[in-house]
Amino acid sequence: MPDRHARSARPSQTGENGVLPGLLEAPNRVAVLLPLPLDHPYDYKVPPGLDVRPGDIVLVPLGKRELTAVVWDPAEREPENSTSDVEADIVEDRLRPILRLCAAPPMTPLLRRFVEWVADYTMAPQGAVLRMALSVPDALQAPKPSLAVRLPASREKNGEAADADIKWTAARRRVFEEAKDGVARSPADLALAGGVGASVVRGMIKIGLLEQVEVASPRRFETPDLDLPSPEFFGDQADAVQRLRASVQDGAFSVSLLDGVTGSGKTEVYLEAVAECLAAGRQALVLLPEIALSGQWLERFRRRFGVAPAQWHSDLTPAQRRDTWRSVAEGEARVVVGARSALFLPYGELGLIVVDEEHESAFKQEDVVCYHARDMAVVRARLGSFPIVLASATPSLETLTNVKSGRYGCLKLHKRHGGAELPSIELLDLRKDKPTRIEGLGQSWLAPSLRAAIAETLAQGQQAMLFLNRRGYAPLTLCRTCGHRLRCPHCTAWLVEHRGRSFSVEGEGPAGDLQCHHCGYRARRPECCLECGDSDSFAACGPGVERIAEEAAALFPDACRAVMASDTLTGPNAAAKMIQAVQDGEINLLIGTQVVAKGHHFPDLTLVGVVDADLGLFGGDLRASERSYQLLHQVAGRAGRAGRPGRVVLQTSDPDHPVMQALRSGDRDSFFEMESQMRQRSYLPPFGRLAALIISSPVEADADGFCRNLAKRAPGQEGIEILGPAPAPMALLRGRHRRRFLLKTRRDLSPQAVIREWTAGIRLPSRLRLQIDIDPYSFF
Ligand SMILES: Nc1ncnc2c1ncn2[C@@H]1O[C@H](COP(=O)(O)OP(=O)(O)OP(=O)(O)O)[C@@H](O)[C@H]1O
Ligand SMILES: [Zn+2]
């Protein structure tokens, strides 16, 4: 391990503003931040002749490994103890040298400060945050120049006659004809032009008929065309466009909430802000919660700017990741649309961020570095002094509170575009309108009046959608004889039965594939009950989307049905195909989980049926009501977006619940006001702060022992409340036993400071993990 920087640095080496004054006289050591879970930069020796500056990406040794890391300029580089010069020299002797400079653009000061800020806020090690910003090691090496082929100069002059001993096949001749213009082309292009296979071109290179030359890599991302006409905007839209354009022109930090009902044209409006940002010569970033489902979004972007934006998500190939990372760093990619990790790309000229569907919990990462991409996007905009736009039809309570206090601006779009009306929302009381049993199928989940509504919609040649936010066939399998329930051996969770990818006309897949949705454990349903030994006694309990699809197949055998859930879509292409099929009217009954709720625009979809509207209301989640409202409102918003009016039927057992009442009346503001007062009374976010400490270990007693210790040292000052330790609701996850503390502080206190003091000096026994989650969104 190299020496920790702060301890071994000599005070003279740090100048003001974090600049290393020694650079001018070639210092022989610099601080380097490694992409590992380490809290500080470490010192490395600069070999003679190498000129390194803060931000440079370098290759350094660590143990037997070589790592790509970044020369750092810690803002507060205070030595803990000034060592004497002699001591320093001894330490310096032990320093290992930087191996070399990588051929990548240096990390900007802004991104370095952002890495530090995120680490400080989330309490993650700086190196762990840096790792997210250096996620593509391949991109940090100089790109290989592309090889092209052309006719050698001699050949160009003399033509075929030059040597008689070369065999001139028809294929070679065709290639020769194409290459006569002397232009260097990629071998693939030349083969294509000559209508021959790649082997012909390779053969011609081998015998010297073609020569290889290095050329600059072709552009990977085309420049958006700013001369294409924008849509026409009137009323609210025109106001919003004008104000967003003005804030981009102004160029200062500002946060604007674009608060528009579903189908009001938020996307079209914020694309104008993107256009303004591009015209000002800066890059723009659009964060989407679910990039795999963004086909329609990409299409709209292409219509507005004539080209595709750069995309950033987990389904890219390694080559695409490398190209995109470099193109962003080199400024070739002008617009990036991506998932939350796109926030850590190396933009040199970022001038605008848009967070679409800002209320989505998919923006919260709960692994390694626990951060909320929306909140960190606001931070990045503030550090970079540029505007940010948050768009939603159902903004989060956090954002609405910031609007109310005047910290964020607000632009409202009250109406749907093109005169479409918002859909009518009906509550279907499951206690009165009970689903009746179906011959041959048994239990049913769709009440008679919802069945009738579907039949009517299909008969009119329109589309219907059934929504149930639960994957698989049945969430629980139990023994009818003894009541034994099948659970995951590694988690506190029931096993979910899955029957097949989709329920097409051929019917259901085989029964009995059981999965844990938390750890991925899979098993076949056992023949006999493990408790009582009875055979054939297992029954599927409750519905998942696949079971709804089974019922739909029995009720509407002539409908063209499709199931859409994250596990039935095998990737962005499958998702795009299915969305296209719905758009083209090839599917008229779509059944899905929350992936069907997200931003789609299906003009002929007029009926939305929600199978179990109460599903999200249970569990001890402080945002359960807020989230249910947002999700159901969003699903409802898919209905009636074009000419014909939409109808939404929510099946509920609790029609008087405030969420159901708010959805029915459309009175969002009163609902949020009520929710807000409830949180205010209990000092819950955004009126107080929360942090979770999750302790986990493969050995239960170890987790408990550590928790007891921690509980003894728990701080007790005013304005702080500590709940726990308690077994987490998911007390066993992937074979680890989990305990939780929940820290609640007043808004004006810093939970980070409290936790730092609380855990200072505590050693973590091996195998024990302590995960800190500031502003937690899930409480399992
Ligand atoms: N000014 C406009 N001119 C032409 N078409 C428009 C205009 N505004 C919106 N549209 C079209 O109206 C439809 C709905 O717009 P859009 O999807 O942007 O709404 P949204 O507010 O983002 O919806 P949601 O929140 O439900 O996802 C789209 O097909 C869009 O292209
Ligand atoms: Zn499991």
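Here the Cβ of each residue, glycine as well, is placed from N, Cα and C on the backbone.
As recorded in TrEMBL, the features of this protein are as follows:
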type	residues	note
REGION	1-21	region 'Disordered'
DOMAIN	257-413	domain 'Helicase ATP-binding'
BINDING	Cys479, Cys482, Cys529, Cys532	Zn(2+) 1 binding site
BINDING	Cys488, Cys491, Cys516, Cys519	Zn(2+) 2 binding site
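On the structure: features taken from TrEMBL.
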| residue | record | DSSP (3 states) |
| --- | --- | --- |
| Cys479 | Zn(2+) 1 binding site | strand |
| Cys488 | Zn(2+) 2 binding site | coil |
| Cys516 | Zn(2+) 2 binding site | coil |
| Cys529 | Zn(2+) 1 binding site | coil |
So among the binding-site residues Cys488, Cys516, Cys519, Cys532, who's got the most Cβ atoms within 10 Å?
Cys488
Fewest other CB within 10 angstroms, which one of the binding-site residues Cys479, Cys482, Cys491?
Cys482
Given Cys482, Cys488, Cys491, Cys516, Cys519, Cys529 as the binding-site residues, which ones have a Cβ positioned under 6 Å from some atom of ligand 2?
Cys488, Cys491, Cys516, Cys519
Output: those binding-site residues from Cys482, Cys519, Cys532 whose CB lies less than 6 Å from an atom of ligand 1, in sequence order; none if no residue fits.
none
Over all shown protein chains, what is the count of other CB atoms within 10 A of the CB belonging to Cys529 (Zn(2+) 1 binding site)?
20
For the domain 'Helicase ATP-binding' (257-413), report the average pLDDT of the model, please.
94
How big is the gap, in Å, between the Cα of Cys519 (Zn(2+) 2 binding site) and that of Cys529 (Zn(2+) 1 binding site), rounded to a whole number?
23
Beyond the site residues Cys479, Cys482, Cys529, Cys532: chain residues whose C-beta lies within 8 Å of the centroid, for Zn(2+) 1:
Arg480, Thr481, Gly483, His484, Leu530, Glu531, Gly533, Asp534, Ser537
When you rank Cys488, Cys491, Cys516 by Cα distance to Cys532 (Zn(2+) 1 binding site), which of the binding-site residues ends up on top as the closest?
Cys488
Nearest to Cys479 (Zn(2+) 1 binding site) by Cα, among Cys488, Cys491, Cys516 (binding-site residues)?
Cys488
